[in-house]
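Chemist: I am attaching a structure below and will ask some questions about it afterwards.
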Amino acid sequence: MSKPFKLNSAFKPSGDQPDAIRRLEEGLEDGLAHQTLLGVTGSGKTFTIANVIADLQRPTMVLAPNKTLAAQLYGEMKEFFPENAVEYFVSYYDYYQPEAYVPSSDTFIEKDASVNEHIEQMRLSATKALLERRDVVVVASVSAIYGLGDPDLYLKMMLHLTVGMLIDQRAILRRLAELQYTRNDQAFQRGTFRVRGEVIDIFPAESDDIALRVELFDEEVERLSLFDPLTGQVESTVPRYTIYPKTHYVTPRERILQAMEEIKDELADRRKVLLANNKLLEEQRLSQRTQFDLEMMNELGYCSGIENYSRFLSGRGPGEPPPTLFDYLPADGLLVVDESHVTIPQIGGMYRGDRARKETLVEYGFRLPSALDNRPLKFEEFEALAPQTIYVSATPGNYELEKSGDEVVDQVVRPTGLLDPIIEVRPVATQVDDLLSEIRQRAAINERVLVTTLTKRMAEDLTEYLEEHGERVRYLHSDIDTVERMEIIRDLRLGEFDVLVGINLLREGLDMPEVSLVAILDADKEGFLRSERSLIQTIGRAARNVNGKAILYGDKITPSMAKAIGETERRREKQQKYNEEHGITPQGLNKKVVDILALGQNIAKTKAKGKGKGRSTAKAGIVELDMTPKALQQKIHELEEQMMQHAQNLEFEEAAQIRDQLHQLRELFIAAS
C-alpha cells in the first residue's frame, strides 16, 4: 500500500531553502528533538517542509492553529504529494454545545452537536492511513490533542477478509454490526452494508468513492472486488481487504461489560461521598443518570455521552492521558507545528478550560469523577508524546527558541527576490490626515492598504472618517466569522474596496499580494498588540508586494519597535545582497484571487474521472465561492439527492458528473467551515 514520498513541483529549492532543508534534515538525522524554522512571509516555508518530508520518507503530522490555515496547508500538501496519502484531521462538529451546568441560575445545558459527515470520513481516512502506510502527511488542527478511540482496541475490532477464507455469512454480518455498520438494502451509503443472496456489499466508513463486494460460495470467500458505489462498476479485484470500524470509539463487547462493572463500583463510592455530605439531590441525580447510561450500554453497546466513560472503556488508570491522534502516529513520525507562536499557547490552554466546566458537572452530580479523564492532553503530556518536532514561524515564541537552543534555521531570502517593506516612523499628531494622503496615492495606482488600530472604537471612528472623505473602506472586527472574513479579504484583493481597517486580525496566514502599505497607528503604545512579534507579523503583510511599505505612527521608538525595525532591516539587507549576487529583480506575486477559498482545485481535477470533467468542475466551484457554509451544505445535500436519483434511474454518466462536482463543493466546504 505504501509508496515512497514523491514531491511534485515545477520549482527547485532556491534562496535560503537549500540550506534550510539541509540543516533541518541533518538535525533530524542527528536525533534533535526540537528545531525551529524561522521563515519570513513568502519564503516558501511549506515547500521547505515538503522537501524535508520527501527526503527523509517519514510519516508526518502538521499542526495548524485553526481550520482556515489547516485547509490552506492541506491544499498545498495535496498538490506537493498527489500520489501519497495527504489527510485532513480537524473537529468534525459543524456546531458543538458541550453539556454544562450553571449553579447560579440552576440551569443544565444538554450536549448538542451536529456532525459533518464528510469531515468524519476524512478523520477515519487519516487514522486508517497512519495504521496502514508510511507515506502519510496528516494536516491537523488542535483537535489532535483531544481524546480518540484507543488504537489497540480499534485494531482488535478490524475485520480482515481474504480470498479463500472459511467464514459463515452470518458471522460476517455479526462482525459488521459490532463495527457499528448498519444494514440498508435500499439506500447504500457510507457505513452501511446490503445483502443479496450470497453477495455482501459493504461501503467502508472511511471511503467516499469506493465500496467492497464480498462474494461467498458455501461459507468460503470466493472473490473480493472494489466497485464504484454509484455506478456499480467493478474497479478491481483484491486478494484481501481490511474493514475498519465505523467510528473511532467502537469497543469490544467484553471490554464494555468489564467497564460497566468498574462504573458501578465508582458510582457506589461516589454515592457514599455525596450522602455523607448531605447532598441528596446530587446523589439521586447521579444514580438516575448513570443507571440509565449503564442500561443503554448493556443493550446497545453505547450511550449518549459515552465519551465520559472513556477511561474505563480504554482501560486506563485515573489521571492517565487519553488516547489521541498522537497514539496513531508511528514512533519515528515527524511533527511540524505551523505558526508555532500561536499554536503552542493554544495547546497549553485547552486542558484548563475543559477542566473547569467538568468539575462543576461532577460537583453537582451530573457526572462521575472519572468524566474528568475525558479531556484534551495537558501540555506536559503533549510534550512527552510529541515525536521529533520542527516549529515553523516568522516570529517564534520564547518556548520554541528555548527548546531549540542554537537550532534556529533561518529562511529569510525569498526565491522571488521580494524585499521586506521599507519602514518609516511618523508622528502620532497628524497620523489620520497623513494616512488619508497615503491611501489616496495607493488607490490611484490600484494598490491596497491595511490599517491596524489599538481599539474597536478607534477602528470604527477611522472607518467612518475615511468613508466621509470618499475612500472605499471596510472594517474587519472580531464578530465577523471565518467565512465572511475570507470574503472580505477576497473583495479587498479584487478591488471592491481599497482600505481594510482592523485591530488584531491582520496577522498570520493572510496572503494578499495587492497590499503595498501597512499602517500601524499608535505603534508606540507598548503591549500585546504592539509587541515585537505582533509588529513583525503585521509589517510582513506588505512583504508580498514589490512596493511594500510599512508606516509606524509613534512619537517615540519603543524597545519592541526598535527590535521589529532591526529584524526587518536585517532581513531586507540579506535579501538585497542575495538579489545583487544572483542578478534577481524582485517580482510581485501574481496569485489568483480564487486561490484563497478554492481549496486545492487540483484535488477536484485529479479526482474527476474522464476528460474535460476537471475543467467543468473547477468552473462550478468558482460559482459557489461566495456561498456561506450553511448554503454550501444545503447545496451538497441537494446534489447528493440528485446524484442518487440519477443512479436509481440508471443514468450513471449524469450521476458521475454530479459526484465530481460534489468533490469540489466538499473541498470548498472544508475551507469555509
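Count begins at 1; order follows the chain as displayed.
The backbone N, Cα and C atoms fix where each Cβ goes, glycine too.
So Swiss-Prot says this about it:
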- 26-414: domain 'Helicase ATP-binding' (DOMAIN)
- G39, V40, T41, G42, S43, G44, K45, T46: ATP binding site (BINDING)
- 92-115: motif 'Beta-hairpin' (MOTIF)
- 431-597: domain 'Helicase C-terminal' (DOMAIN)
- 633-668: domain 'UVR' (DOMAIN)
Chemist: Taking the mean position of the Cβ atoms of G39, V40, T41, G42, S43, G44, K45, T46 as the ATP site, which residues outside that list, in the same chain, have a Cβ no more than 8 Å away, listed in sequence order?
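Modeler: Result: T48, A394, Q411, R414.
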Chemist: Return the residues near K45 (ATP binding site), defined as same-chain residues 6+ apart in sequence whose C-beta is under 8 angstroms from its C-beta, sorted by sequence, else 'none'.
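Modeler: Non-local contacts for K45 (ATP binding site): L37, G39, V392, Q411.
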Chemist: Sorted by position, what residues of the same chain at least six away from S43 (ATP binding site) have a C-beta under 8 A from it?
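Modeler: Residues satisfying the criterion: G15, D16, Q17, Q411, V412, V413, R414, P415.
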Chemist: Have a look at the binding-site residues (G39, G42, G44) and report the one with the fewest Cβ neighbours inside 10 Å.
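Modeler: Candidates: the binding-site residues G39, G42, G44. Fewest Cβ atoms within 10 Å: G42.
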Chemist: Averaged across the motif 'Beta-hairpin' (92-115), what pLDDT does the model get? Just tell me the whole number, please.
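Modeler: Averaged over the motif 'Beta-hairpin' (92-115), the predicted model reaches a pLDDT of 84.
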Chemist: Of all the binding-site residues given, T41, T46, which has the fewest Cβ neighbours within 10 Å once its own Cβ is left out?
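Modeler: Output over binding-site residues T41, T46: least Cβ neighbours within 10 Å is T46.
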Chemist: Reduced to three states, what secondary structure does DSSP give G44 (ATP binding site)?
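Modeler: Its secondary structure by DSSP: coil.
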Chemist: Please list, for the domain 'UVR' (633-668), how many residues fall into helix, strand and coil according to DSSP.
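Modeler: Within the domain 'UVR' (633-668) the tally stands at 33 helix, 0 strand, 3 coil.
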Chemist: So what sits near V40 (ATP binding site) in its own chain, CB-to-CB under 8 Å and at least six residues off in sequence?
Modeler: A394, Q411, V412, R414, D420, G540, A543, R571
Chemist: Would you mind splitting the motif 'Beta-hairpin' (92-115) into helix, strand and coil residue counts from DSSP?
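Modeler: The counts are 3 helix, 15 strand, 6 coil.
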